[in-house]
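For reference, the structure is listed below as structure tokens.
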Amino acid sequence: MNSRSGYIHIILGPMFSGKSTELIRLLKRYQVAMYTCLVIKYSKDERYGRGLVTHDNDSVPAIPVNSLNEINCNDINADVIGIDEGQFFPDIVEFCDYMANNGKILIVAALDGTFLRQPFGNILNLIPRAEYVLKLTAVCMICFGSASFSKRISDEQEIEIIGGKEKYQSVCRVCYFKINN
């Protein structure tokens, strides 16, 4: 373990809840404080090119990878590591735990549940190892109440379908169970 204290900060929530926006906000705050930051994004999310881009078009440069083990942990010189779409990385727990134990600050933005309201990937296993966990809500795109869930509105049945408003809605509990929107 490194003598400098690292930690893990997780930002969870449904689609359109501002997870990536909050991740970028925190990263920019660390940059103002003269911390060096590295941003990692899921390589199969090609909606906005190589960088991390929010639905509001705020952006930061990012390294696209399929798996976190593609990154040589010993070569990371950054103080802070931001990871977007953390639910897609099967090695998220081991990577974050190792890096935090070696003095790095990890900020992970991720969906907590699938469109079926099931745990998404390995991300919930990271919670017991995290110092900070924030669960955001969105606005229900049907009734405009508070939304905690992502509902797929396209016909695909695979868990990993990357998309935006053309494929998903943020919904509340009541609207999640409505058949026709």
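Glycine is treated like the rest: Cβ placed from N, Cα and C.
Note that the structure is predicted; figures quoted are calculated from it, not measured.
In Swiss-Prot this protein carries:
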- Glu85: active site, proton acceptor (ACT_SITE)
- Gly13, Pro14, Met15, Phe16, Ser17, Gly18, Lys19, Ser20: ATP binding site (BINDING)
- Phe115, Ile159, Glu160, Ile161, Ile162, Gly163: substrate binding site (BINDING)
- Cys140, Cys143, Cys172, Cys175: Zn(2+) binding site (BINDING)
Review point. Does DSSP put Gly13 (ATP binding site) in a helix, in a strand, or in coil?
Key: strand
Exercise for review: Between the Cα atoms of Pro14 (ATP binding site) and the residue listed as 'active site, proton acceptor', find the distance and write it as a whole number of Å.
Suggested key: 11
Check your understanding: Hey, what's the Cβ neighbour count for Ser17 (ATP binding site) at 10 Å?
Key -> 24
Practice item. Sort the recorded positions Met15, Glu85, Cys172 by C-alpha distance from Glu160 (substrate binding site) and give me just the closest. Key: Glu85
Check your understanding: Which is it, of Gly13, Pro14, Gly18: the one of these binding-site residues whose Cβ has the most other Cβ atoms within 10 Å?
Key -> Pro14
Practice item. With Ser20 (ATP binding site) as the reference Cα, tell me which of the recorded positions Glu85, Phe115, Cys143, Ile159, Cys175 is the closest one. Key: Glu85
Review point. Three states by DSSP: which one describes Gly18 (ATP binding site)?
Key: coil
Point to revise | Cβ-centroid neighbours of Zn(2+) site Cys140, Cys143, Cys172, Cys175, 8 Å, sequence order | key: Met141, Ile142, Phe144, Gly145, Ser146, Ala147, Val171, Arg173, Val174, Tyr176
Point to revise | Lys19 (ATP binding site) to Cys172 (Zn(2+) binding site) - Cα separation in whole Å | key: 17
